[in-house]
Every structure is written in structure tokens, then in C-alpha cells.
Amino acid sequence: GSYIHNLSDFQDVRYMGSIISVSPFTSVCFNVSSLSLCGMPFLAGFYSSDIILELVSMSYVNVLIFFLFFLSTGLTSMYSFRLFYYSMFGVYSFSSSISFIDSSKFISFGILGLLFVAVFGGSLISWLIFPLPSFIVLPFILSVLTFLSVLLGAYMGYFIFFIKGLVFNSFITLFNYFFGLMWFMPFISSIYISLFPLNFGYHFNSVFDFG
């Protein structure tokens, strides 16, 4: 919310490179929370995602469900690390007339509260809800698969951060276009579903109301 407010409702992370130089406090808290979201060890998200993935590995689920669980973990890690790379090491491409306000007491106290939950909330809640440690027995490969998913997602986020230097053929361009449009979700969820009703309403209004 602080970023969006300071950037005049602009939300494209590709233009927020090296935003830590103009908003250090918010950037540090934001990136710690983002890494917690992707399941970074010993942050809040780790205690929930790790136990869920280990229980899935012990359960009798089909290969597709098993694959989707770990794929979603890797994609979350990829998004979080891509955000981290852009905010820390990217090139600032936004308007130079934008001024950041990173010293508001109300925003700072709110961000500090959220940061405390992101760092300590997972361990505190897991110790309160689960007084006894869960007994989980897994082969070595399955026990490190969660960590490997996060690590692979971090590498993919790093790769996508530098992919602008690799756009040299139609395949990479289509790949970039595919992910830039959220897997062509606007075409599936809006255009092909709403185009016919909107055209029908337009012609109905033109013929019956305006003659």
C-alpha cells in the first residue's frame, strides 16, 4: 500500500528497480515479508508450507496433485525472488518527479507490526497449536524436495529478472508475453466470456431503445 500510494497507484514492479535507495525501511520490511511468503526457512510461511508439503509427501495422493503442490511452491518462490531482485538490484525506470515518503509514523508502525508477524508469527502459532512435534518419516529425496523447490524457484526468479537480455527470438518473446499476461488469463477469463454478452447488449440497446 505504501508503494502504490507513493507511486500514484502504479503497480508494475518492473519500473520499481532499486527502490530500496529511495525507500529503505519499507523495502527491507517488504522483502522480508515476501521471502516469508515463499517459505524461506524459519520465517512465518516456512512452518505452514513445510508441514503441508511433508504431509502431502506421506499421503497417498496421485502424481498430478503431488506435482501441483510442489509446482505452486516453486512458482511462489520464483515470484518472491523476482520481486526481491527488482527492488534491490533493478534499474529505476519510473518518473523522476515522484517523491517517496518513507517516514510516516502511522505507516511505519503498521509495517513493523506486519514484519513481526512475518518473522515470528509462524513459529509462535505452530508452537501454540502443535504442542508436540509431528512425527514425519520420509526418504532423503522427499525430505529435501521442499527446499529444492524453493531453491529452483529462486533461480527461475533470477533468470526471469535477467531475461530481458535474452529476448532474441520468437520463442523467448512468446514466453515473456505468456507470463506477462498471466498465462493468457485476460483472454480466457474476460474477452471470450464477456465479449458476446457485451456485443449482444450493445446491439439490443441500439435496436430496441434507439430504433
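Just so you know, glycine gets a Cβ as well, placed from its N, Cα and C.
Because the structure is a prediction, the values reported are computed rather than measured.
Among the features that TrEMBL reports, domain 'NADH:quinone oxidoreductase/Mrp antiporter transmembrane' is placed at 2-73.
The domain 'NADH dehydrogenase subunit 5 C-terminal' feature in TrEMBL is assigned to 79-209.
With a threshold of 8 Å between CB atoms, the same-chain residues lying at least 6 positions outside the transmembrane segment (15-39) that come near it are 2-3, 6-7, 45-46, 49-50, 73, 76-77, 79-81, 83-84, 86-94, 100, 102, 107-108, 111-112, 114-115, 118-119, 122, 146, 150, 153. Marked as transmembrane segment by TrEMBL: 15-39 (among others).
Look at TrEMBL and you will find 51-71 (among others) tagged as transmembrane segment. Within the chain carrying the transmembrane segment (51-71), a Cβ under 8 angstroms from the stretch's Cβ atoms is held by residues 126, 134, 136-138, 142-143, 145-146, 149, all 6 or more beyond its ends.
For 83-101 (among others), the entry in TrEMBL reads transmembrane segment.
What TrEMBL records for 108-130 (among others) is transmembrane segment. With a cut-off of 8 Å between Cβ atoms, the residues of this chain six or more beyond the transmembrane segment (108-130) that come close are 2, 25-26, 29-30, 32-33, 36, 42-48, 51.
Look at TrEMBL and you will find 136-162 (among others) tagged as transmembrane segment. Note on the transmembrane segment (136-162): residues 38-41, 49-50, 53-55, 57-58, 70, 73-86, 89-90, 179 of its chain, located 6 or more positions outside it, place their CB under 8 angstroms from a CB of the stretch.
Annotation comment: TrEMBL describes 174-195 (among others) as transmembrane segment.
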